[in-house]
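Okay, so here's the structure we're looking at.
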Amino acid sequence: MGSSEVTWNPKGGAEIEFSVNGGSANHSHENGHSLPSVGTPSRRQNGYTTLPQEDISDGTVQENGSKHNHLTKTPKGYTSMEDIQLTNNSHQNGGTKEKLEKGVDEGDTGPPIDKWMLAFIIFALHGVGTLLPWNCFITAEAYFTEHKFGNLSDDVQYKDKFIAYLGLCGFLPNLTFLAIALFFPPKSNRVMTFLGLIVMMLLFVLTTILAVVDTSDWPGAFFAITMATIVIFNGAGAIYQSGMFALAAKLPGTYMQSYIVGQGLGGTFVAVLGILSLAAAGDLQKAAVGYFLCAVFVLILAVITFVFLFYLPIVKYYIRLSESFMVDSITQTHSYRPPPLWQIFKEIKLQILNIWLTFAVSLTIFPAMQVDVVATHNSSSVLWGLYFTPVTCFLLFNLLDFLGSIVPAWIKWPSRRRTWILVVSRIVFIPLVMFCNYRPETRSLPVLIHNDYIYILIVSLMSLSNGYLKTTVMIDAPKHLSNPEWASKAAAMMVLFLVLGIFTGLQFSMVVAHVV
């Protein structure tokens with residue numbers, strides 16, 4: 001048995017929806033067929049006028065394995081299936097996709113409930129798993145430079161060049177593998193994402209083992225192993241991150257937000273660990289082992305929950321929904337065509353600019369500029385000087401970035417088309433920080449902002465806006481495409497430009513250092 005209904009969209013004309021129990025329906029029609037004159041009373045629901053089933057005529061239904069398909073009719077006649085795809089997002093509030101998500105009558109229940117918010121929590125956990133391991137590497141800098149290489153006078157180059165090599169070995173494979181994933185997508189995104197996660201976990205187990213091993217007799221080999229680990233780790237991390245963003249893009253924006261919130265939470269957690277380690281004035285080796293064990297634990301949880309995630313009804317529902325759009329596309333063209341990258345780029349170019357510039361500004365300031373800002377009240381309090389950088393740089397940025405990523409759940413301002421104004425206005429944060437007490441010993445420009453609290457206010461607004469904008473932009477980009485089937489590819493493209501924004505910011509921070 002099947003059910004069907006007609007809905008009237010004031011913007012897009014009349015729509016017919018067939019739902020076949022135990023199977024699926026595809027709609028075909030012949031030119032010249034039209035909806036009969038309807039005189040039966042109608043009812044309003046979700047902004048549509050819904051007509052009873054007995055008023056539907058014409059059109060044939062064929063079994064083809066697709067759960068939901070739609071046939072659109074304008075006042076002047078039927079449109080093509082391609083036109084329906086183009087209409088989905090231009091009339092998103094009443095389009096095909098939203099009706100599938102929310103349901104339009106008692107017979108169409110829409111997506112299942114996210115029971116106990118398991119999917120939401122798992123996406124947040126994977127957000128933590130994406131960035132927490134890398135943050136552990138950065139936070140444990142002193143362990144590498146002071147504990148592993150600090151006492152080796154003959155190998156001082158390892159200490160001096162460690163951070164530079166860390167950035168190079170981290171960024172290049174990340175960018176390379178993101179580009180490969182975008183231009184040469186794997187046949188099974190799920191499998192590749194899982195493999196990337198497994199590789200990350202195994203490498204952190206190796207890193208933890210090396211942390212407890214005495215490497216003083218082979219510092220060169222340890223340095224090479226560490227850098228090779230970072231290269232492979234970031235390549236695998238790029239695949240993992242791209243895959244998770246692509247998966248989140250298939251679900252409602254809440255799950256993309258959850259994933260991004262998790263990333264901020266992971267950074268905050270590591271920043272707190274760094275401050276506690278500083279307060280305890282403990283052994284650098286023990287602190288590093290603690291960081292790495294935390295990362296291993298999170299990655300093990302990520303591996304387990306990744307498998308479990310695809311058994312959740314809500315995730316299965318939206319994956320099937322995404323696949324149904326692909327089936328419809330193949331039905332129209334009788335062949336599979338990969339998503340057109342140039343067309344996707346044109347449709348989300350404004351959001352690409354937004355995500356690139358947001359991270360370019362933020363990474364110009366954090367952490368490169370912030371670590372060189374010295375407290376003006378340093379002499380009045382030993383503790384103020386000791387904790388100034390860990391608190392105002394690492395903890396403040398990560399905490400407010402995390403809080404900013406939560407804000408879009410309640411406030412979305414400005415509108416999607418005007419978000420660029422807020423993004424561009426953030427450029428002012430760069431000169432503001434430049435004229436704080438930044439590089440006081442080597443600078444040639446005068447310091448104009450002497451108050452530490454004004455500096456804290458500036459970087460707080462920068463951090464909060466970073467979290468808000470990255471979340472808003474990453475959610476919006478995949479949700480406003482002419483073809484919903486392209487959402488995952490759009491998310492992968494956004495991640496690529498996000499990383500390019502990070503690279504731009506890191507390079508520009510060097511320019512700022514020379515200017516000041």
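Glycine is no exception: its Cβ is also placed from the backbone N, Cα and C atoms.
Annotation source TrEMBL lists compositional bias 'Polar residues' at 37-52. Residues or ranges marked as compositional bias 'Basic and acidic residues' in TrEMBL: 96-105. Under the heading region 'Disordered', TrEMBL lists 1-76, 87-106. Residues or ranges marked as transmembrane segment by TrEMBL: 116-134, 162-184, 191-212, 218-240, 260-282, 288-312, 352-370, 382-407, 419-440, 452-469, 490-513.
The listed stretches are 260-282, 352-370, 382-407, 419-440, 490-513; of these, 490-513 has the most Cβ pairs under 8 Å to the transmembrane segment (162-184). The transmembrane segment (352-370) shares the most Cβ pairs under 8 Å with 490-513, out of the stretches 218-240, 288-312, 490-513. Same-chain residues lying 6 or more positions outside the transmembrane segment (260-282) and placing a CB less than 8 Å from one of its CB atoms are 123-132, 135-136, 139, 290-291, 294, 298, 386-387, 390-391, 394-395, 397-399, 401-406, 467, 470-471, 474. With a cut-off of 8 Å between Cβ atoms, the residues of this chain six or more beyond the transmembrane segment (490-513) that come close are 167, 171, 174-175, 178-179, 181-182, 185, 238, 241-242, 245-246, 248-249, 256, 341, 344-345, 347-348, 351-352, 355-365, 368-369, 372, 430, 434, 439, 470, 473-474, 477-478, 481.
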